[in-house]
Ligand SMILES: *[C@@H]1O[C@H](CO)[C@@H](O)[C@H](O)[C@H]1NC(C)=O
Ligand SMILES: *[C@@H]1O[C@H](CO)[C@@H](O)[C@H](O)[C@H]1NC(C)=O
Ligand SMILES: [Zn+2]
Ligand SMILES: [Zn+2]
């Protein structure tokens, strides 16, 4: 999901080079290439010798390079760019950097230029206009705390009012019938999906109309999709909407990511057209309110949510906020339209006493390079969130919060994550449900009290994904919600078997089935944070539960094998909602080791 851009690519590209003199050659070669515009022969030789062919998405920790080397190279590289910007025209600098990506065979040439070119526009703007821009700041965003302490550059707080000694009474609900909510996430609609083309294409997204037919039948993209790097065709989208609309639900939550992973050929005009098409489709398919959340894939270039003050054409994200507001007209108030237009977030009441807050939390993502320009509470969104929650508390409302990126996701800026968790905990009696997406996995996340780490305060459910990208069976969820307090009572997950579907290409539809329902599968009597926390204790002792969790994570799309490290990683994800705090992850891994005698 994570598209790293050139700086990290170039930094990572030395990853497989263990001989330090080669690292030096590469560093010097890069500097020379950037200074002269010509790749020296020794640089080409190093690149060739190591056949650098690294995927965009590998985290640096998986590669052999030491963190210090990577960090060092990144810093050097940004500094060279900062200096050169004053000496040679930007377009030459751009061509050279794209050339370096091509030379190193980091990606196919068109992917190098398609991804790097527009991202460089953002970088150049920040270098030119940003206050206090340092190479270290960029490299911290790109490489994380292994490079520099993130909090040295990104550390801010939001004012949160204290809890009143007595909470106002909640508005009584007159309904006794469970509310049903359908959650669909991460559509990644791919208008160019072509059955029969190659699913082993060597680019970030395969099955494209311009990638040629598969030479090996095993590599042919299926009629209903592919488990490899492939997104959702129109055929699958239509079939999913057909099936979802047969479900009886009261509301639909769509938790973001409409645009495909063809990240090298996005544009404002193309994205705008696709956004409009899909949002219209969602709105018109269901005859109930559909709440839209923005994902990190909506903007052009991918991940880049520009601050409000950036008005420059091609850099501003205003067009996206405008289309969101347009699609929400009639559903939300004039006031709510204002915040949608400002930063892609809004609030509305679905019925008396039941409020939904939709956030654009893609601004927490470190892939969003605008954070190097200004990271402080982008769009004033968290400050606004506190005000909305305070008012909801005063008015006796319950709240659901929708956002795209789970707050404990490794791509989220630590300070954003920490402040968000503080807000959730302060208002945990008011917030009775959180729903997110982005990971494409069926998973959930627990929030814990800061002063009493044994106390779970909130749960966020991930909507998994409609896209298969990657190893997933397409899916959506239906939640049963208590009509009195709007807590999640249970959910069921719906999916189809992609392998089986592709074996019957003549069938006009696929066989959707209910994969499982949560309470029955995990044997819990409620979905309260406390009960889910106790479930974790049982999971540590019962590997069969952990195996089930892992298989359902992909909706049975992967072979499902999970070893100890894999179980530990799944558990760690569940208990991490504040990315800046590893306490709960460390604890649960320790308990797992203890239980399984691994220490
Ligand atoms: C963030 O800044 C605050 C206030 O200056 C400081 O007390 C705190 O230690 C900093 N956090 C980190 C993780 O460095
Ligand atoms: C999916 O279908 C294939 C082909 O019929 C079958 O081999 C496989 O076991 C099925 N997987 C699941 C999880 O049902
Ligand atoms: Zn996604
Ligand atoms: Zn996403």
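In case you wondered, yes, glycine gets a Cβ from its N, Cα and C as well.
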Zn(2+) 1 site partner of 186, 188, 440 (as recorded in TrEMBL), chosen from 117, 257, 367, 511:
257
Further binder of Zn(2+) 2 named by TrEMBL next to 257, 404, 438, taken from the candidates 218, 296, 303, 485:
296
Given residue 71 (disulfide bond) and residue 139 (disulfide bond), what distance in Å do their CA atoms have, once rounded to a whole number?
7
Can you check what DSSP calls residue 101 (disulfide bond), collapsed to helix, strand or coil?
helix
If you measure from the C-alpha of residue 74 (disulfide bond), which of the recorded positions 147, 412, 440 fall inside 10 Å?
147
Which disulfide-bonded residues among 71, 112, 147, 566 have CB under 6 Å of ligand 3?
none
May I have the DSSP-based helix, strand and coil counts for the residues of the domain 'Sphingomyelin phosphodiesterase C-terminal' (465-581)?
46 helix, 20 strand, 51 coil
Please state whether DSSP places residue 412 (disulfide bond) in a helix, a strand or coil.
strand
Residue among recorded positions 101, 147, 296, 364, 566 with Cα closest to the Cα of residue 440 (Zn(2+) 1 binding site):
296
